[in-house]
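Here the structure comes first, spelled out in structure tokens, and everything after it is commentary.
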């Protein structure tokens, strides 16, 4: 059994203390969360004690065994199936048989769709049917059809992905030999053979490999987002006995282990083989989703397959995110439901009284039904529910989905968010959150790989009190010591005095400096393609070893007890006596070497804070090195001190005995080792210090400054030490010299949080209130879980819209917790991207995502919703006014087909285009004036106030549209002596007035005109008249006499100039108040956007002039002296593996001439400081 090593995460940094550095405020939250320290004998005892309770049994090379009755489970009634899943995966939702019923079921879970289905059923009842059934059926079918097609396309993509994965090939041991098989045909208990660069098809127990001691390297980027290689080990017994095909075919072990679960950091089991039991843990398991690296062939036994694998168990449902506008829109739809019921009830009551007073006494209104007034009123209630159903917009949701889909495509197509170096475009991985991008109030950002590039460069060093500048890309530079010149000159600068010191060999301190860098590390090396490949536990360590290589000290190979380097073209081998590995408490690592001449020396490198405590009083250059460290830290470089100590043979022998005793201690082994390490790591002699740059990404300071001007508060959540986090805060302009900085340890409230372990609600509220008053907040020493907790607190108590951005697996928690999650496709794998809502390659693109796409999306969606509600109110409430003149009989004021096509054809396209294309100012002005972003944060463009304004606007327009034609039709006569005041002519005039009004109204709302917008407005009006004349023609009436009843009505009514004047008057009066209000608003109370629009040409000229000028530097270095972090990983190195000897490769028979094609594999960022 293995426990997760919390120190391997950025989070567990040194006691899991959460320090919050704030401008204007400060607080800290301190936790002591050390993981369990279980000794090997305890682990083995626990395994032996609990194996009998393990319910998951796997027998090698025995498929029938797993189908025995005892391994079957009931799935339905008496139907049983094997509890062991097949290896085929299924992520799709539908198949040919289930698509229609399942998709319809999901769509009718929406209240609006279910409402219209109920309406359709009501329209079939003759007594209450006030509208033909097709007026509801056609819009409902269109909405369901569009949504169904979208769901089908998405599911077909999932089908293709599943098919591609399930049909991958692998080699399975069947009938005594390895045969090629598909992943989906693999079963639990199968022995499989995997080759280099193969994906692991299931959760597999490693049996043997082509490497010594069955070592197997795997890349876990798809599993945990980390790109550095991890090693797995086969048991010694399987390594020795299961190498060839015959031995594997005879393998018949029984594995008993834990049931399938989602714990990626834990596995516990035993193997019964040839009468003996062997313990199994996570180090023996190859998990599905990983990739075989640097291992030619490996063999394994399938333990969990398909849905039982850990990666599939972790594929739980992601929390559904909903925008604020979504929630508000749903509440407004519910409000419309309530309004509809109240209006229908009021009109039904009116009909009851009208029938008693008038209807029952008028002989010409007798319909032959013996129904009392109350029953008729009850029927009229349902009749008005049907007649006024368009008050609830059926096409609202599908229109919103279309707009969001289009906005997502615009993000994907934005070339200004395309990163050419990695061929990475921006990607909107969701289509439901675009307008929320325009309402962000808080941004929570990771540091390493998000604000920084996570590409380490050796920049400066100080040796024996003298500082040197070394500016080169460590992957492109190699010094040729025959000439003393770099082999590649582009972008390279090396202090020539340093080169001369190395070439001459006279300066012993310089030689010791680079010799230490090439010897004191836990880097693994592989000979490949006539070159070397370095595998480091952190990018920092890799950068230091590569820097030594570039200056002629090349790390070549290591064995269990030796390490070989090339010093100035001369190969030397040193005996490794002990390797004192790094951990987050020690903050240093050391190596004890025996030189070829018999001398014993300890080399040590670590954080300046721990190294200076252990220096000998005789050590020189402490003050000058301290000054250099301050200068390096002020330049936001990651610093590391180097020192050494000569040890006598007697001293080493005495210490070695203590070391061996500590290594076999049965309790507190780590503490015992630390005490022994402390004894030998004393009286050290200082050599110098290194400075490594984790460079900021391009445009980070400018982006943070722009976002701050938009009143967006930025918090940096990182696992780094406080000094590093503060330095990065200054370098990226999050902190400035005129800010007052306070630290968490000075905050009484945070001490209260520490004392009160659970932290009461009042403390949490005070904590959040205080933090949110700060201009900037930096949280250091945070675990991934704490990152998510910080985001949750702000969401819970501030009710703010939050965005989290990160690039690693340790950022997934906060990405999923925030309202918007953004993943950066950087150096740490793809897990952050796969968990995100939006993804791109550089932090600077966040500025454009929010200030341009987010703001535009919010403005467009708000304008769309306001107009959509208005046009439906204006359309539907005409029935309400008409009911006062029709005896509240639920008769409709329009023709049936006009009601059917109004939202589908006559008024949908212009508002859709406004929702897709409208913009108040262009993208450059949006970035120039971040204050334009404020209305979105305040929710000023769509709220209940705007909703009621749209409601009253609709009421006003419906009054005008009904009563002006009604007055015009009273006691009138046409030119030909015919009276145009019939019901059909009145319906045509009101419908025509409505179409002109709503299409011209959206024209007044449009800020950005294109040919498409103009065509949509004119086209909608043309479509209305074209369809109206067609359905009013005699020809279609002959074919469908009962469906098309307005024969000749349009041509008869619209040939009257009087009616055209009525339409013009109606439209003019409807639009005149809107024009006046807009004029007064923009003249007297202009918004920031109105002012910018008014001076748009002036600002555009200024932008052109600014682009011609030379850009100013991104930022100036701070004036304060700040200490940077030491350049180390949080995770342990490979010391245990090196000491065991299990990692050592078989050395080549003869080493060729050292090639210059040495390269370093990119490693994980994981906050490696």
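Glycine too: its Cβ is placed from the backbone N, Cα and C atoms.
Remember, predicted model here, so these are calculated numbers, not experimental data.
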Q: When you get a sec, could you say which of 798-819, 820-841, 842-863, 864-885 is annotated transmembrane segment by TrEMBL?
A: 864-885
Q | Of the residue ranges 131-153, 154-176, 177-199, 200-222, the one that TrEMBL records as transmembrane segment | A | 131-153
(Q) Between the candidate ranges 750-770, 771-791, 897-917, where does TrEMBL place the transmembrane segment annotation? (A) 897-917
Q. Which is it, of 709-728, 729-748, 1009-1028, that TrEMBL names as transmembrane segment?
A. 1009-1028
Q) According to TrEMBL, which stretch among 90-107, 108-125, 234-251, 252-269 corresponds to the feature transmembrane segment? A) 108-125
Q. At an 8 Å Cβ cut-off, counting only pairs 6 or more apart in sequence, do the transmembrane segment (331-355) and the transmembrane segment (864-885) clear the bar of 3 or more pairs?
A. yes
Q) Whole-number Å distance between the CA of residue 448 (Mg(2+) binding site) and the CA of residue 638 (ATP binding site)? A) 12
(Q) With Cβ-Cβ distances below 8 Å as the criterion, list the same-chain residues six or more beyond the ends of the transmembrane segment (983-1002) that contact it, or say none. (A) 867, 870-871, 874-875, 878, 893-895, 898, 906-907, 910-911, 914, 957, 961-962, 964-966, 968-969, 1017, 1020-1021, 1024, 1028, 1046, 1049-1050, 1052-1054, 1059, 1062-1063, 1066-1067, 1070-1071, 1074
Q) C-alpha of residue 807 (Mg(2+) binding site) to C-alpha of residue 446 (active site, 4-aspartylphosphate intermediate): distance in Å? A) 8
Q | Positions on the same chain near the transmembrane segment (375-400), where near means CB under 8 A and six or more residues out | A | 110, 112-113, 115-116, 119, 122-123, 125, 127-131, 136, 139-140, 142-143, 146-147, 329, 333, 336-337, 339-341, 343-345, 347-349, 351-352, 355, 359, 861, 864, 868-869, 872-873, 875-877, 879-880, 883, 888-892, 899, 902-904, 908, 911-912, 915
Q) Of the recorded positions 446, 582, 781, which one sits closest to residue 811 (Mg(2+) binding site) when you measure Cα to Cα? A) 446
Q) How many Å separate the Cα atoms of residue 638 (ATP binding site) and residue 446 (active site, 4-aspartylphosphate intermediate)? A) 17
Q: Find the member of 864-885, 947-971, 1009-1028, 1034-1051 that has more C-beta pairs under 8 Å to the transmembrane segment (1058-1080) than any other listed stretch.
A: 947-971
Q) So which of 897-917, 947-971, 1009-1028, 1034-1051 has the most C-beta pairs under 8 Å when paired with the transmembrane segment (864-885)? A) 947-971
